[in-house]
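Working notes for the structure below.
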């Protein structure tokens, strides 16, 4: 065997049998062929005898690639090469390329589950859904649903319907029907940051006209909403799904205890009909009404009737059943039928994607910094139309990309709209990308064009400086609060400003901070 | 002037899933599941013995090395490049040449040359897919 002509690839231990083989065919002088082995990451050339087996080939490869032979998978022309085959058998000649996949020993969790699921399903296995997921629909947590209403309107890209409220209801339905998705959305850090801004949430909730009616009827609710401590607590709870489940469980327990106290049932019932039911109705109107409505009304005879002593064995109505027939006339919802259900299988991923798309992120950030404008934006029909137009969103994304490139190329130069021309020019320029159809900036918003433009400017700024979103000057933001603090006698403007920044504009909390820090 | 039939976006369908490369990296979706909808034409590249498991391993190493999202370039290293690579891996055959020749066709015209700086910076990612090869599905 031509030892000197041998390649550097074949290891010595296998020289023995190969040598024996080789000597048998020594007369024929097996050709050495050059085979390229290509992995996703690199490419190496091997010179091996034409008649080697795949096993020998793998041994050579394992040395060069520093893996074990059983980790190697060789593929040629779509076939997996088995150890006992030979290279000739597969038609591997000089100069051809063989593909190699090196199996990693401890595969990350996501990958090992992928073969079992279709690749189309959710790949965020990092946050595996908990087994006891509490759907939020039935229990009267209106804040939860209010939040969802706000969130739903933000991430509506890619759904085929053009009517925005349809989109919203579709989103909400999907969210409610898939508790796992809900959990994942809740865990999305930007959702959490939005939720932690009590001002924003309050405004989002207040913006819902049904809530407004409710508040008029029941002033206690407005007290609830305006009390920042309670809001903060509720938001904390809403943010943390586990805590929420705990709370609800406790609530359920407390309620059931109440029931057994004489006269307690009446109180409960009163509480339910006065507060919970209208809220539940208001929030759930889009889903075909309160499924529990019929249960209560059937025993409408006399308020004082205690529940019958025997257990109620009727099955409770299924709150998650697809909404029956007639949509409520109050909203403009049309068919929320199974059509949306079939499309929804691919939609959760769309929604996931949209939530995580970079421009969404920066938009959310700028939105969370401007709670007033955010609420306004929700209602501005043009923005809504724009957000549901995928082309507009793509255009926005391209702008963001361009701005990012610009930012890296010329970091000193502020991005276009902020630095150049007057607000009218820039407003017109950005306005054309936000509104999906022709209407010009002057005709679009029904409310003041000023804050609208300002918002768009900020949005574009935020898009441009996506890493460090530009906060509008805190002094400007807190102008009103600063004046109030001044009037109250806190004359140290700097300290006021800092306290306001720390509490996010909350005057009461800022005052507490100031009082706590000052020795007087 | 030169008339182009189309600017082709291609993807590979194997094991009942569609895989494609965009500025967001390698993604997958149900066949025809991106925003672009069902395909214009389907070319059968062949059959493969490669199992889904091995294929996904392969894809994820590709996604970390050669086909990361940042590596996307509309002319040199695009979805068709990816489809070509994967097709060769799976079956040993390449994708039809009219697709892979597209960038050079465009660049051979003066107009294409003029537009090149603008087109170079375009990042395309058809919505509707899930990213592969990242520990967390979100980017």
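Backbone N, Cα and C atoms are what each Cβ position is placed from, and that goes for glycine too.
Per TrEMBL, the features are as follows:
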- A:1-31: region 'Disordered' (REGION)
- A:18-31: compositional bias 'Low complexity' (COMPBIAS)
- A:33-107: domain 'Ubiquitin-like' (DOMAIN)
- A:106-141: region 'Disordered' (REGION)
- A:115-141: compositional bias 'Low complexity' (COMPBIAS)
- A:287-350: region 'Disordered' (REGION)
- A:294-304: compositional bias 'Low complexity' (COMPBIAS)
- A:316-325: compositional bias 'Pro residues' (COMPBIAS)
- A:326-348: compositional bias 'Low complexity' (COMPBIAS)
- A:407-452: region 'Disordered' (REGION)
- A:418-430: compositional bias 'Gly residues' (COMPBIAS)
- A:431-451: compositional bias 'Low complexity' (COMPBIAS)
- A:477-517: domain 'UBA' (DOMAIN)
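Remark: secondary structure over the domain 'UBA' (A:477-517) totals 33 helix, 0 strand, 8 coil, with classes taken from DSSP. Residue counts for the domain 'Ubiquitin-like' (A:33-107) under DSSP (helix as H, G, I; strand as E, B; rest coil) come to 18 helix, 28 strand, 29 coil.
Mean predicted confidence for the domain 'Ubiquitin-like' (A:33-107): the pLDDT average there is 83.
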